[in-house]
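> Please find one structure pasted underneath; my questions will follow.
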Amino acid sequence: MISKHLLLTYLYLLVYITLSSGVILYNKWVLSPKYFNFPLPITLTMIHMGFSAFVAFVLIRVLKVVSPVKMTFEIYATCVIPISAFFAASLWFGNTAYLFISVAFIQMLKALMPVATFLMAVLCGTDKLRCDLFLNMLLVSFGVVISSYGEIHFNVVGTVYQVTGIFAEALRLVLTQVLLQKKGLTLNPITSLYYIAPCSFVFLFVPWYLLEMPGIEVSQIRFNFWIFFSNALCALALNFSIFLVIGRTGAVTIRVAGVLKDWILIALSTVIFPESAITKLNIIGYAIALCGVVMYNYLKANDVRSSQTSGDSERAAKDLRSSNMYGLDDNSSNSGMGGKNGRSGSHLEVVMDEEVPLIPASKGLLSRSKPS
């Protein structure tokens, strides 16, 4: 018999995979001129941010589900604003790519996320340039190049948009770790939306005013309230589902689920959108890239385990010194004080998906307690 806890975990993973795939396919359907024909990606992203900000405001200020954190002007200016700017940029570029390239090819390009995050972390000084990780990044990049070469409907503009969005997202993740952890600020899913979504909306207003607003003709816009409401609701639900999955299983599991989701999404996109044809070279290149991604995750997991072991050893030695100092034998020391609280280091969790949570599951940023 499968335990209730394990069954609930699988249910959360299923919800995450379903919502993630659904949001991506839904966005493609809404934006594509061949289907719903709403080719305004910045407008769509602003709808998502505005809806998320409104829901977060109601939950915090009206229903008082959670309390807002202590946010000073200095923290908001130095942390929230830059993070919101890169979050807005990643969504803007990522959604714009749907206008030019297929969903399947977009998912293949997303294999570059660990490469982008590693490079940004090295540049920001949060990670060291290591030979083993660098070789993995070369393998991932090589696989993506092969996959791009095999793309039938390769589009330079769409590829540049998607890759730029990936690097913007990577920089956001690194800045989240560097800036918020230094301030000791802890944000849950609701408070992160409460502070970051409105700011991202403001940043999106600038490119919207310059690029989309001049060409908008109200008579030519197809607006369906239920289409946009359900689309924004799915995007909001996805953000919460990622936190639920990470809180129950950890970011490594959600990475594996993300890889499974990508394969499912590539297959579904070729059925739903016939123009999303894939070739053998696409699959070979993507498989090579995924091998590099899997090895990268393995190496990072080993780093985390090593840091945990080192932290446990240091605490054990400290407890032993304390027990000897007070004349206690080894059995009297409180050996149970290690465990989960013994995690040292500050590794950056990267979820292989464009709809990643606003605040990654790094130490000090997200409570890893299991939901009831």
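Cβ atoms are placed via backbone N, Cα and C, with glycine included.
No curator has checked TrEMBL annotations; they are predicted automatically.
Relevant sequence annotations retrieved from TrEMBL are reproduced here:
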- 11-297: domain 'Sugar phosphate transporter' (DOMAIN)
- 324-346: region 'Disordered' (REGION)
- 7-26: transmembrane segment (TRANSMEM)
- 38-63: transmembrane segment (TRANSMEM)
- 75-93: transmembrane segment (TRANSMEM)
- 99-121: transmembrane segment (TRANSMEM)
- 133-154: transmembrane segment (TRANSMEM)
- 160-180: transmembrane segment (TRANSMEM)
- 192-211: transmembrane segment (TRANSMEM)
- 223-246: transmembrane segment (TRANSMEM)
- 258-277: transmembrane segment (TRANSMEM)
- 283-299: transmembrane segment (TRANSMEM)
> May I ask you to check whether the transmembrane segment (38-63) and the transmembrane segment (192-211) make contact, with contact taken as at least three Cβ pairs under 8 Å and only pairs 6 or more apart in sequence counted?
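Contact confirmed: at least 3 Cβ pairs fall under 8 Å.
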> What stretch, picked from 7-26, 99-121, 133-154, 192-211, has the most CB pairs under 8 A with the transmembrane segment (75-93)?
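Counting Cβ pairs under 8 Å, the winner is 192-211.
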> With pairs restricted to those 6 or more apart in sequence, evaluate whether the transmembrane segment (99-121) and the transmembrane segment (223-246) have 3+ C-beta pairs under 8 Å.
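Result for the transmembrane segment (99-121) with the transmembrane segment (223-246) is no.
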> Suppose I define contact as three or more CB-CB distances under 8 A, residues 6 or more apart in sequence; do the transmembrane segment (223-246) and the transmembrane segment (7-26) meet it?
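Answer yes, regions in contact.
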> Ranking 133-154, 160-180, 192-211, 258-277, 283-299 by the number of C-beta pairs under 8 Å to the transmembrane segment (7-26), which range is first?
258-277
> Can you tell me which parts of the same chain pack against the transmembrane segment (283-299), counting only residues 6+ beyond its ends and a CB-CB cutoff under 8 A?
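108, 111-112, 114, 118, 132-133, 136-150, 252, 255, 259, 266, 352.
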> Based on Cβ pairs under 8 Å, which of the stretches 160-180, 192-211, 258-277 lies most in contact with the transmembrane segment (133-154)?
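Maximum Cβ contact count belongs to 258-277.
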